[in-house]
């Protein structure tokens, strides 16, 4: 498997610059907010979302030369993503993410809420200054989608008749919406044909769904240390993901366990056993592969380039995280 560092080589310099710029962009006059923001962007990671924005920007520009507006869009994408994580961690009562303390565990819930709101507000300001109404419409809808996803997740906890379609819709709102919108936005800033821009929206959509589905598999198959957060955390809170939905199709014994919210001894352990013994993980892996393959097909209209190849490799890398 190619390392993510090698895959992102075409935008390595741009990502280095982005990392330096992020702390400057979210600087606040208030020392606590500044400290919280710096804490957020000090976390290590390859920042796949802005990397994809930068790769699409290069793949859609002549000679792969991108503009300052493309770079700013990549920064906005990461700021919005980070803001959503701050609020997610509060709602999930998570103390760690990527192996480091969350903002609310270090600074308290009030500061964390304000920090998340502040990041959303900052992203809106920088978004408006891109001076592209179409891009503003695309990206601003993402913030609405985040809220929609959280509402749906809250309303559907321990819902044993949740459909796969409902699960995928929630996954789109919470994960894939930002990737889809920012992918298309990068193309629009390159002034490409609308057909190509829509293809790239669908690339981001299906890649985002594949990424979320893989994450939901890893929640069952990886350790807390590997995940950087507690394993099986979604199931414990009643958030039924694809592995559980497929297991429910094959074994109805799961229904009473989930309906009583794992309140009796061994309920949770028996649920994990059923998920493992059915073909639920295998079927979920196939679902992720389907979305990844569609994502790759959406790149067909792009001209040959190293950035296009990197976009394909990212899609394959998402699946290879399972092995």
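Cβ atoms here come from the backbone N, Cα and C positions, even for glycine.
As annotated by Swiss-Prot, isopentenyl diphosphate binding site applies to 46, 49, 81, 98, with the evidence given as similarity to another entry. In this view, residue 49 (isopentenyl diphosphate binding site) is surrounded by 21 other Cβ atoms within 10 Å of its Cβ, with every protein chain counted. Taken residue by residue with DSSP, residue 49 (isopentenyl diphosphate binding site) is part of a helix.
According to DSSP, residue 88 (Mg(2+) 2 binding site) is assigned to a helical segment. Here Swiss-Prot flags 88, 92 as Mg(2+) 2 binding site.
Summarising the annotation, Swiss-Prot assigns Mg(2+) 1 binding site to 88, 92. Counting Cβ atoms from all protein chains shown, residue 88 (Mg(2+) 2 binding site) has 18 others lying within 10 Å of its own Cβ.
The annotation all-trans-polyprenyl diphosphate binding site is assigned in Swiss-Prot to 97, 174, 175, 212 on the grounds of similarity to another entry.
Shown in sequence order, 88, 171, 211, 215 are the same-chain residues outside 97, 174, 175, 212 whose Cβ sits within 8 Å of the Cβ centre of the all-trans-polyprenyl diphosphate site. Here the Cα atom of residue 88 (Mg(2+) 2 binding site) is found 10 Å from that of residue 81 (isopentenyl diphosphate binding site). If you compare every pair of Cα atoms in 97, 174, 175, 212, the residues listed for all-trans-polyprenyl diphosphate, the longest distance is 17 angstrom. Around the Cβ of residue 81 (isopentenyl diphosphate binding site), a 10 Å sphere holds 21 further Cβ atoms from the protein chains shown. In this structure, of the binding-site residues 46, 97, 174, the smallest number of CB atoms within 10 A of the CB marks 46.
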